[in-house]
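Pulled from Swiss-Prot, these are the features on record:
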- H20, H79, E93: Cu(+) binding site (BINDING)
- 247-285: compositional bias 'Low complexity' (COMPBIAS)
- 304-314: compositional bias 'Polar residues' (COMPBIAS)
- 315-349: compositional bias 'Low complexity' (COMPBIAS)
- C48-C162: disulfide bond (DISULFID)
- C84-C110: disulfide bond (DISULFID)
- C201-C235: disulfide bond (DISULFID)
- 231-349: region 'Disordered' (REGION)
- 1-19: signal peptide (SIGNAL)
Amino acid sequence: MFSKAFLSAALLGAAAVEGHMMMAQPVPYGKDTLNNSPLAADGSDFPCKLRSNTYQVTEENTAAIGQSMPLSFIGSAVHGGGSCQVSLTTDREPTKDSKWIVIKSIEGGCPANVDGNLSGGPTSTGASKFTYTIPEGIEPGKYTLAWTWFNRIGNREMYMNCAPLTVTGSSSKRDEVPKEKTVEKRSANFPPMFVANVNGCTTKEGVDIRFPNPGSIVEYAGDKSNLAAEGSQACTGTPTFGGDGNTAGSSGSSGSSSGSSSGGSSSSAAGSGATAPPAPAVSSTLVPKPSQSSAPGVFVPTGSPAQPTHTSAPSGGSSSGSGSSSGSNSGSSSGSSSSSSSSSSSGALTGSCSSEGTWNCIGGSSFQRCANGQWTAVQQMATGTECTAGQASNLKIKATNLKPRMLHEMRHRKRNYHNHA
């Protein structure tokens, strides 16, 4: 009798000649020249499967903030599913240096929850259909959307299709596609996109990976038994590029932070012990600024620190953990950092803080924030900007004088941006 693994491998081999998968909706850039193969293993066509006329706009996709939009695929070689992300950049012709922010992660069952491949060949539309939503905190403007996929079975690959997207302001109730079935909402934040299998960091075969920084919206569409163990590494090796999204936040992924549960990550039938993977450490809202005043791909911090909200957990077996949550937050606002905070020689603060929402600008070139009772990791200011040093309730940002070479590069990028917008 053949094993399940053998049958899965046989199905994958039989479908190898049928190609792989492509994004159908939103309509990708250069649809006529896009093929269904993964990115090159050496990363030479990252991002967006670089080729001739990569960023030709076949059809401009439009989405309003808060509107649920379809995410669908064409093809049958789903390689046992896997995990996917939906990300945005303000660059309309992204490069390896572009900054991507994650607006949704799908851990397991993407693009389909099967053991091998689907039938139907490269024109099949039988893969699962998902949705994504442009969240609050994203400004109206022109973006590039990326769908990335890390397959569970087969060669270690990364798939990436990109699409032009115009984001409009939110509106009243409208016709929307159905909402996600099992979605985990976390503190509002937009972490960097995960990159692997093209940069020296390799994912493990046979599991649906958990993303180190999955972001605010996480959907679980696969079998719990296929999901990687909580706290496990998503990939091994040192990434040569795109490694910003490959490291978990300082809160870690062990589930030991306040408000997490020890034990399993599924909810019990009785409703107690429901737990969720931990939220990333940096919880201040990051807002993309696609305006002409800043270079494409720059994201400027703004808004108030968001509080984590757990609305659901992966479906499956009962949880072995207690599911207890301290639920406590520091409510005091003294205007200065807590005495338990420690300061480094660079001016960065670590540890707990009581001045919730306070910004700490370090030498004008980097910043951090008191969020959820802890100082966040230090982040660098965007090129061409600086902040006013010290602690304050608002982060004061101003433009700086740029070197002629930097100004030339920014103007060149802006010209390209508007020519293709």
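Each Cβ is built from the backbone N, Cα and C atoms, and glycine gets one as well.
Cβ environment of C235 (disulfide bond): A196, N197, C201, T202, T203, K204, I209, N246 lie under 8 Å away, each six or more residues apart in the same chain. A strand conformation is recorded for C84 (disulfide bond) in the three-state DSSP classification. Taking the Cβ of C162 (disulfide bond) as reference, residues of its chain lying under 8 Å away and at least six apart in sequence are, in sequence order, P28, Y29, P47, C48, K49, Y55, P94, T144, L145, A146, W147. If you measure from the Cα atom of E93 (Cu(+) binding site) to that of C110 (disulfide bond), you get 26 Å. Here the disulfide-bonded residues are C48, C84, C110, and the one whose Cβ sees the fewest other Cβ atoms within 10 Å is C48. Counting in whole angstrom, C110 (disulfide bond) lies 13 from H20 (Cu(+) binding site) by their C-alpha atoms. The Cβ of H20 (Cu(+) binding site) lies under 8 Å from the Cβ of N36, S37, P38, G75, A77, H79, Y159, each of these being in the same chain and 6 or more residues away along the sequence. With respect to Cβ neighbours within 10 Å, the binding-site residues H79, E93 differ, and E93 shows the lowest count. Secondary structure at H79 (Cu(+) binding site), taken from DSSP and collapsed to helix, strand or coil, is coil.
All chains included, 22 other C-beta atoms sit within 10 angstroms of the C-beta of C201 (disulfide bond).
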